[in-house]
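Asker: Have a look at the structure that comes next, please.
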Amino acid sequence: MTPIDAKRPLQLNDQGQLRHFLSLDGLPRELLTEILDTADSFLEVGARAVKKVPLLRGKTVCNVFFENSTRTRTTFELAAQRLSADVISLNVSTSSTSKGETLFDTLRNLEAMAADMFVVRHSDSGAAHFIAEHVCPDVAVINGGDGRHAHPTQGMLDMLTIRRHKGSFENLSVAIVGDILHSRVARSDMLALKALGCPDIRVIGPKTLIPIGIEQYGVKVYTDLAEGLKDVDVVIMLRLQRERMAGGLLPSEGEFYRLFGLTTARLACAKPDAIVMHPGPINRGVEIESAVADGKHSVILNQVTYGIAVRMAVLSMAMSGQNAQRQFDQENAQ
């Protein structure tokens, strides 16, 4: 395995193009806008009789999911297939990692299969960065979610959803509600919203589920739902992540719903044309009532559709960036 050149930005090639997609932290607005524009152009592919374009023909994308997922894994598979790539999905529950093999050894074996791209989802923060730092330089790494750290493609599909329904970020008020402390989606959304120029980003939740120092992301903190939702354009609800919680952070799910669950009455605090989003899976009656999740303000299913296009954009752009870097290195080696 060959460590990446320490002088080269990990996510970008020497021309500033995407070569890995690990986090939204530090990526310029122009690149995020390019991802959104590229995803927009891919949306029509899903409406075709033959839902394929040949951009990744002959390439192999390996989905390495160490955490369970339905939407993320399926949409990455569909995205790669629609780009005409060959797709391998590793079933971690039956893989050697469940028998004691380390992440490093698993990576070495996958690399020996000559995959061109890894999509990695892992419970440990930083796992995708670790792989990108040690993988062969010709292989692109996409973060499908790592611990509490980042979920960059979810962040970008949320941005595409907002842009398609609201047009611009410049005058928006966006509220992110719920379990902020354990949410990699919240972090990615905050970074993307700030980079794209959203002037009013709010986080709402109980004090025990809001991380200390979150104001550094340029957000306003609210512990009262009605106050935080006042006149917002976008409401992003988050799932309570019981699997990541230590005891004592919440009295009960019922108490959380009583104070922070999104109901029709509470949504009335937002603007009349506000949209409601959720990364899924939804816990009905815990963070959101069914009347809201299935109602006229909800764009939750649109998020799933847009997720395929965003992941097509990221896969194609990262592969293009890898190819450009390879050509650049070859020319400069002569």
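The backbone N, Cα and C atoms fix where each Cβ goes, glycine too.
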Asker: Check Swiss-Prot for me: it has R71, T72, H151, Q154, G280, P281 binding carbamoyl phosphate, so pick out which one of R29, R108, R121 it puts in that same site.
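Answerer: Given R71, T72, H151, Q154, G280, P281 bind carbamoyl phosphate in Swiss-Prot, the matching entry from R29, R108, R121 is R121.
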Asker: Can you list, in sequence order, the residues of the same chain other than R71, T72, R121, H151, Q154, G280, P281 whose CB lies within 8 Å of the CB centroid of the carbamoyl phosphate site?
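Answerer: Near the carbamoyl phosphate site, beyond R71, T72, R121, H151, Q154, G280, P281, sit S69, T70, G144, G145, V185, P279.
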Asker: Which residue, of the binding-site residues R71, R121, has its CB surrounded by the fewest other CB atoms within 10 A?
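Answerer: Comparing Cβ neighbours within 10 Å for the binding-site residues R71, R121, R71 has the fewest.
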Asker: Could you say which of the binding-site residues G280, P281 has its Cβ with the most other Cβ atoms inside 10 Å?
Answerer: G280
Asker: Which secondary structure state does DSSP assign to R121 (carbamoyl phosphate binding site), in the simple three-class scheme?
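Answerer: It is in a strand.
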Asker: Taking the Cα of R239 (L-aspartate binding site) as the centre, which of the binding-site residues listed as T72, H151, P281 lie within 10 Å of it?
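Answerer: Taking T72, H151, P281 one by one, the ones whose Cα falls within 10 Å of R239 (L-aspartate binding site) are P281.
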Asker: Let me spell it out: for each of the binding-site residues (H151, R184, R239), count the other Cβ atoms within 10 Å of that residue's Cβ, using every protein chain shown. Which one has the most?
Answerer: H151
